[in-house]
Amino acid sequence: TVYSVPKHGFTGFHCLQLFLFVSFGFVYSTASYTDSSDDETSPRDKQQKNSKGNGDFCIKNIKQADFGRREIEIAEQEMPALMALRKRAQGEKPLAGAKIVGCTHITAQTAVLMETLSALGAQCRWAACNIYSTQNERSRVGESEDDFWWCIDRCVNVEGWQPNMILDDGGDLTHWIYKKYPSMFKKIKGIVEESVTGVHRLYQLSKAGKLCVPAMNVNDSVTKQKFDNLYCCRESILDGLKRTTDVMFGGKQVVVCGYGEVGKGCCAALKAMGSIVYVTEIDPICALQACMDGFRLVKLTEVIRQVDIVITCTGNKNVVVRENLDRMKNGCIVCNMGHSNTEIDVSSLRTPELTWERVRSQVDHVIWPDGKRIVLLAEGRLLNLSCSTVPTFVLSITATTQALALIELYNAPEGRYKQDVYLLPKKMDEYVASLHLPTFDAHLTELSDEQAKYLGLNKNGPFKPNYYR
């Protein structure tokens, strides 16, 4: 499996110093050639060793190591910035002494990030932030909720090793440490968080005066928001829907809840495929953008009876509630593209009068007493990382942003960052973008001294103010 294998086989973490990869199922972003004969055995009950005799990990099947390594090598080709950072590591180790505990989606792309952090000098322990993003494409093992928290605890609570940096996606790891091991924050230098949900939690902690270390809001950095959120979702929404439902988009009526960057990407893709797209939005600015882009702005209740597909992209809770679900037409597809699994009130569907029927992996029919059924994808969890893949190149942009945020917080002099939430410095945003330009054989124009003086800028940037989005 991809996280447990250095370049020349599973080495016991010798020079890479990757200490624990706690992840259930298989961690491939594409098909993974599985022997499913032991699918019924929980990885927690297995005694597995790597080639060096190390057993400090929990995965489905260590025999899949070679396939995982190939997945990593494919991902490396589309992650040029991380590979460039590794070349930098040949001369310096900006994360030397860093002990990073991470909780993100488990994919081959994340493995490239982890090995890059190791090359920069860090030690890492990792768990999955989504119970469905650790799956094998054939058997779809995944994790249970109990497995999920068990993995996080095993990452954090280990004798002789304590993290001094947190990399989180959704805030669950941060929440768990606050809840179970608050004393650990005495040695933690900072938190890097990449999701809307997790950032919201951090701002809540900050407002309540309970945030005890500096935190970096990666989600709202330009390189995350304008690339991963927009371009990634523009491609992966179609991939996820096609793989799970084989739906034809042309002529379908679709309502997209939320017109932030994720919603914008989803709407653009669906419109290009010939779908009739409606948008719901609470923010008048985003709502006006939707109107200007040619979408009909509506309330969900106005179109719920007629639409063929409902997609949530808000990061909020109870966006689609039982009343909406009751009024949907027969065969309506319901899915979530936001990080949080609370956007669709799935729990309201787990009642005796409704029948759940598993159609295929990540696809359920929820059937009403009169025979009406809806098609629920990934049980309301994140569609693209639960049901398909996401483009590696945009993940490279996000992963590089995460790496630089970790380097910044870890090396910041005492007092630069208070116990608050910060955005990535704009100079770093621009650096992330510049590392990806060579892929396109792109050539930046340089300011003359006169032009730089006229604009009041440094010739080498930053070219935009920190508030620019």
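Our numbering is plain: 1 for the first residue shown, then up by one each step along the chain.
Backbone N, Cα and C define each Cβ position, glycine as well.
TrEMBL lists Thr107, Asp169, Glu194, Lys224, Asp228 with the feature substrate binding site. For Gly260, Glu261, Val262, Gly263, Lys264, Gly265, Glu281, Asn384, the entry in TrEMBL reads NAD(+) binding site. What TrEMBL records for 229-390 is domain 'S-adenosyl-L-homocysteine hydrolase NAD binding'. Per TrEMBL, the feature region 'Disordered' maps to 33-54. If you look up TrEMBL, you'll see 1-32 marked as signal peptide.
Around the Cβ of Gly263 (NAD(+) binding site), the same chain contributes Val256, Cys257, Val279, Glu281, Cys286, Ala290, Cys313, Thr314, Met337, each under 8 angstroms and 6 or more positions distant in sequence. Within 10 Å of Asp228 (substrate binding site), as judged by C-alpha distances, the binding-site residues found are Glu261, Val262; the full candidate list was Gly260, Glu261, Val262, Lys264. In terms of C-alpha distance, the listed binding-site residues Thr107, Asp169, Glu194, Lys224 place Lys224 closest to Gly260 (NAD(+) binding site). Across the structure, Asn384 (NAD(+) binding site) and Thr107 (substrate binding site) are spaced 12 Å apart at their Cα atoms. A Cα-Cα distance of 22 Å separates Thr107 (substrate binding site) from Gly265 (NAD(+) binding site). Using CA atoms as reference points, the binding-site residues Asp169, Glu194, Lys224 were checked against Val262 (NAD(+) binding site), and the closest is Lys224. For Lys224 (substrate binding site), the same-chain residues that are 6 or more apart in sequence and have a Cβ closer than 8 Å to its Cβ are Glu194, Val218, Ile397, Thr398, Thr401. Around Asp169 (substrate binding site), the same-chain residues at least 6 positions away in sequence with a Cβ under 8 Å from its Cβ are Cys103, Thr104, His105, Cys129, Glu193, Glu194, Ser195, Gly198, His339. Spatially close to Lys264 (NAD(+) binding site) yet at least six residues away along the chain are Leu230, Arg234, Gln289, Asp293, judged by Cβ distances under 8 angstroms.
Listed in sequence order, the residues of the same chain lying 6 or more apart from Glu261 (NAD(+) binding site) and placing their CB within less than 8 Å of its CB are Gln225, Lys226, Asn229, Leu230, Cys233. The average pLDDT computed for the domain 'S-adenosyl-L-homocysteine hydrolase NAD binding' (229-390) is 94.
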